[in-house]
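Right, one structure below, let's go through it.
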Amino acid sequence: MIGRVALFAPRRRKSRAGVRVWVRRGLAARVQLVSVGAVAATVVIAAAAPHGVAAVAPEILVVGFLLGLPHGAVDHLVPFWTATPGKLGNNPPADAATATVTASVPLDRRDGRRSGGSPPWRTLLRRTLLPRTWSCWMPHVLLGLLLAGYLAVAVTTWWGLREVGSLLLPILLVLSVLHFGLGDVMAGAAADGAGPRGRHGRCSGWRRRFATAAALVVVMCDVVSHGAFVVTGPLLFWPVQADPALTTIAPHLTPPRPSTREAFFIAALCATAVSTLIAARRRRWLAALEAPLLGALFAVAPPMVAFGVYFGAWHGLRHTARMIAVDPANGRDLAAGRLVQPIIRFVRQATLPSLVALTMIVIVYVIAYQHQGLVGPVVAGLLALTVPHLIIVAWMDIRTIRGRSRRLGRRDRRDRRDRVT
């Protein structure tokens, strides 16, 4: 029954929608294969040559950070991409052809301007910071409010880490587990062509409620198994390196006891067992390897190596593939099987924010390097900047799940009407 009512059970589609789902599934499946291969190779190398891997740990962390940095550079576009047409002040064109023609108007070679009279630098900023189909003044106001809220959340989180870090940091660690785990679950659903398929519309009463609860338990085990090892692995297997990092971020925090770490790790192992068995039952062999590989990565490799590989080749890469699929401007290209243009479009959108963020991080790092007393506040500030990203991605995931649930509800109602008639 669990396999039938799973929220992300594989399904088949037809016609044009089937082509688009197949292309998006192909992109997500390729990314999944690359990430699993990178983590597996790291586990083998770290187990075979631990001292050699530890010697290049800082370099691996920096490379992974640079590779994963662009995945959050388009956060300011996510609310516009996922907004319902007609809301938030957006005025999309009447049809897709009009949008394509409007977006492809070439620059006038004589004065370097478009037909609207905007200079090239302003056109570049507009195409980087706002979707092409948004031309009224409302998106600019909303973008300013979004950035202001982004900064306010980050500053509030930073203050909380410095003042009440013993209370706030555990909450952030739990949110990180949910963020990493749910991101992997959504990416895996895209790789498998998953969607809301279920037959619990044919049952009613307690059977329907039990089936839904069982499906939610399976999904939560999948989320915990993919996200818990990122947090519990370094705390359990590398306490000498993990505990100073925690006290640097939150000076008033007392490191967790060994029994607490073991309890969380056992819970992660139980969730991994359930997730792996369910994935193997559905013949999703690559997905069945993901959670055990993550556990092996954070158990064998040093924390800097493990997080660098995970952030750059796993989390950031998969989230980038999701952003490419979410962008409405990539719909036609994905439906036609073209992946190069969507990737170029994402690179153009993420380049400027990534460069700005990287410049700020380098400046802050240089200041902290010269003044050792600022290392703690700087690390806390970097962690605080991830909290708005967690909120935006969670909002996107909730909208995605709600949309799939609505489609499932419509299908159930249609099935009931067909049985009645």
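Including glycine, each Cβ sits where the backbone N, Cα and C put it.
Copied over from TrEMBL:
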BINDING   His71, His179, His315, His319  Fe cation binding site
TRANSMEM  21-46  transmembrane segment
TRANSMEM  52-69  transmembrane segment
TRANSMEM  141-161  transmembrane segment
TRANSMEM  167-189  transmembrane segment
TRANSMEM  210-237  transmembrane segment
TRANSMEM  350-368  transmembrane segment
TRANSMEM  374-398  transmembrane segment
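The Cβ centroid of His71, His179, His315, His319 marks the Fe cation site; residues of that chain outside this set whose Cβ lies within 8 Å of it are Gly68, Gly72, Phe180, Gly183, Phe311, Gly316, Arg318, His389, Val393, given in sequence order. Sequence-distant neighbours of His315 (Fe cation binding site) (same chain, 6+ residues apart, CB-CB distance under 8 A): Gly68, His71, Phe180, Gly183, Asp184.
The 10 Å shell around the Cβ of His319 (Fe cation binding site) contains 23 further Cβ atoms across the protein chains shown. Neighbour count (other Cβ atoms within 10 Å of the Cβ, all protein chains): 24 for His179 (Fe cation binding site). In this view, His71 (Fe cation binding site) is surrounded by 25 other Cβ atoms within 10 Å of its Cβ, with every protein chain counted. Under the three-state DSSP scheme, His315 (Fe cation binding site) falls in the helix class.
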